[in-house]
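S.K.: This structure is in C-alpha cells; I'll ask about it shortly.
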Amino acid sequence: MIAPSILSADFARLADEVASVAGTVGRPGADWLHVDVMDNHFVPNLTLGLPVVQALLAATDIPLDCHLMIEDPDRWAVGYAEAGAHNVTVHAEAAADLLGIARDLRAAGSRAGLSIKPNTPLEPYLDVLRHYDTLLVMSVEPGFGGQSFIPETLAKVRQARHLVDTGHLRLLVEIDGGINAQTIEAAAEAGVDCFVAGSAVYSAADAGEAVEYLRSKAAAAAPAHRTPAERP
Ligand code: DX5
Ligand code: ZN
C-alpha cells in the first residue's frame, strides 16, 4: 500500500493535490492519504488539525490516515475517528493510556494506529499492540518532510513483521520518513505493508505516476513468500 503524505503538497491547492494521487481507470492510485497533524509541542512544527481533516474527508474518497504528532492524544485522537478518518495513529511517546485510546478509536469506527520514533524501542509496546491495527515505524525524526531515511529503523520493521507472520500480532506495518525510489526496496524487503511518502510523491512532476512507480518498486522487492497483508 502507498500512502502519499500531503505534508509535501501545496496547501493552497489541497483538493487538487489530493485528486492528483486518486485512482483513475487503469491506475489504482493512493491506498491511503497520510495526513500529518502537528501541534508545535510534540514536534517543532505546526501543520493542520481537525477542521482541515474534515474538509479533506468531504473532498476525497481516499481513506484518511491521520498521523497525530501531538501532545495529549488521549484527549484529541478520538475526534479524528469520529470525523471519519480511516486510521488514526498516536505516538507512544505522547500517550498516557494506550489501551484506552485504542478502545476509543475503534469504538468510534476507526482503525487504531501506534507510532514510535526512530529511537523508541518496540519491546515495551508489544502487549498493547495486540489492541492496535497499525504500527507506524518512524524512519526519520517526526516533524518535517524531506529528511533522510534512517536504515537502522528497519530492525523494528523486521521484528514486527516476524511477530505478525508468526501470529503473535495482527496488524499492518507502516513506515514513514525518507521513503523514495532508492529506499523503498529495503523497506519492502524488511516487511513493510504500507509506505508513507511525502516529498517523493509531491516533488515529482506527476504525483500520480510517482505513486505507481513506488508501488511497483515495493512489489518487486517484497519477499515472495509473503501472503498479502489484510487491509484493515
Ligand atoms: C514527518 C511526517 C511524514 C512526512 C514524510 O514527520 O510524519 O509523514 O510527510 O515526508 P517524506 O516522505 O518527505 O520523508
Ligand atoms: Zn507522518
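Just so you know, glycine gets a Cβ as well, placed from its N, Cα and C.
What TrEMBL records for this protein is below:
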- Ser5, His67, Gly143, Phe144, Gly145, Gly146, Asp176, Gly177, Gly178, Gly198, Ser199: substrate binding site (BINDING)
- His34, Asp36, His67, Asp176: divalent metal cation binding site (BINDING)
- Asp36: active site, proton acceptor (ACT_SITE)
- Asp176: active site, proton donor (ACT_SITE)
S.K.: Out of His34, Asp36, His67, point to the one nearest Gly145 (substrate binding site) in space (Cα versus Cα); all of them are binding-site residues in the record.
M.R.: Asp36
S.K.: If you count Cβ atoms within 10 Å of each one, which of the binding-site residues Gly143, Gly145, Gly178 comes out on top?
M.R.: Gly178
S.K.: Among the binding-site residues listed here (Ser5, Ser199), identify the one with the smallest other-Cβ count within 10 Å.
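M.R.: Fewest other Cβ atoms within 10 Å, among the binding-site residues Ser5, Ser199, is found for Ser199.
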S.K.: Around the substrate site (Ser5, His67, Gly143, Phe144, Gly145, Gly146, Asp176, Gly177, Gly178, Gly198, Ser199), what further same-chain residues have their C-beta within 8 angstroms of the site's C-beta centre?
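M.R.: My list of surrounding residues reads Leu7, Ser8, Asp36, Val140, Pro142, Gln147, Val196.
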S.K.: Quick one: of Ser5, Gly178, Ser199, which binding-site residues lie within 10 angstroms of Asp36 (divalent metal cation binding site), measuring between C-alpha atoms? Sequence order, please.
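M.R.: Among Ser5, Gly178, Ser199, the ones whose Cα sits within 10 Å of that of Asp36 (divalent metal cation binding site) are Ser5.
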S.K.: Under 6 Å from ligand 2 by Cβ, which binding-site residues from His67, Gly145, Gly178, Ser199?
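M.R.: Only His67 qualify.
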S.K.: Between the Cα atoms of Ser199 (substrate binding site) and His34 (divalent metal cation binding site), find the distance and write it as a whole number of Å.
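M.R.: On Cα coordinates alone, these residues lie 12 Å apart.
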S.K.: Using Cα coordinates, what distance in whole Å links His34 (divalent metal cation binding site) and Ser5 (substrate binding site)?
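M.R.: Here the two Cα atoms lie 4 Å apart.
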S.K.: Could you measure between Ser5 (substrate binding site) and His67 (divalent metal cation binding site) for me? Cα positions, answer in whole angstrom.
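M.R.: Checking the Cα atoms of Ser5 (substrate binding site) and His67 (divalent metal cation binding site) gives a distance of 10 Å.
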S.K.: Counting every protein chain present, what is the number of Cβ atoms, excluding its own, within 10 Å of the Cβ of Asp36 (divalent metal cation binding site)?
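M.R.: So the number of other Cβ atoms within 10 Å of Asp36 (divalent metal cation binding site) is 24.
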S.K.: Across the record's substrate-binding residues Ser5, His67, Gly143, Phe144, Gly145, Gly146, Asp176, Gly177, Gly178, Gly198, Ser199, the largest CA-CA distance in angstrom?
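M.R.: Those residues reach a largest Cα separation of 17 Å.
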